[in-house]
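Record features (TrEMBL):
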COMPBIAS  1-11  compositional bias 'Pro residues'
REGION    1-52  region 'Disordered'
COMPBIAS  12-41  compositional bias 'Low complexity'
REGION    101-127  region 'Disordered'
COMPBIAS  110-125  compositional bias 'Basic and acidic residues'
DOMAIN    134-256  domain 'C2'
DOMAIN    282-415  domain 'C2'
């Protein structure tokens, strides 16, 4: 009796295509009636292999980093489905570098997550690459010279600035403002350095006419910007320093990280509380020297410079000049004018004028000083003025007394210009 061996199993190296469901009845019958059919052939056929169209094959998203698994690529092409399907969840990007929040350093967070402090008042959401970009650091030195009423600002260098141009570099410069009351009158800026993220300026900028009272109320704002010749200059970052923390004569060096927006609530409150003082200072200040020469019997009046003048022209500047009159009027010999300085709010004159008058007569007179904006073919605009004499008060009276008391000695004082200091009975010429 011979035993027939079963047929060998199919090789696993070949892919078998199951019979389609549209088989003819004859083929089905022949299969069922075949004596060599095994009991395993009566079960369900194996699933057909997944078919991917050429469009889907070329639409696979290839990106740097680890490839995220896709459960079913057809989810990205709903038109290939016969039934509605929900879109896949958005990809999550992981930030691996360290983040800094108000001086605190922590690990990175995923997009959309929020970091809360212990009180639950602060929430920081990371939504874009710009919010978590390191902006760089700025190194500078401040020195307050109270004797000359000057604030020296030395801008040394910056490191690791954010790239702003298409070449991966920037054209940085530093712009300075005094707050509150930032305007073109108190704006200073350094030179622009081309194609660098680590600029070295070593440039000293000076604010004239800064008093000890200003140091208690003012805040210095330093902005780093990128110069763009074809468009608008771009803001990189800023730092702010409260000047009340700077001691007189102290040469203090700062090394601060740039911030996107640095709010100073204390400075804003001071601007509201001392609104009258700020309004008066917006007219500007003038540095005047007085000296009575006993040998020649004359009063020497020096107009040295002005600072932070009010802008009177549409371009944001003025064309200032100074007029001085010794009252009561002595005719043409009592009126003098300085030269005109074009397009500036911080003019430097260094001009001196002489009045022949005895010391007894000088004690009864009043010196009127006014600053004007020159307009060609039109009436000149009055910027501000100040009166020095026996009828003045405060620092103006002290300046006059020091001149009469210290004969032969030049006495310099800064005075705040006011709108009430217009020359009496004088036409704006």
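Glycine too: its Cβ is placed from the backbone N, Cα and C atoms.
Restricting the average to the domain 'C2' (282-415) gives a pLDDT of 90. Broken down by DSSP into helix, strand and coil, the domain 'C2' (134-256) contains 12 helix, 60 strand, 51 coil. With helix defined as DSSP H, G or I and strand as E or B, the domain 'C2' (282-415) counts 19 helix, 61 strand, 54 coil.
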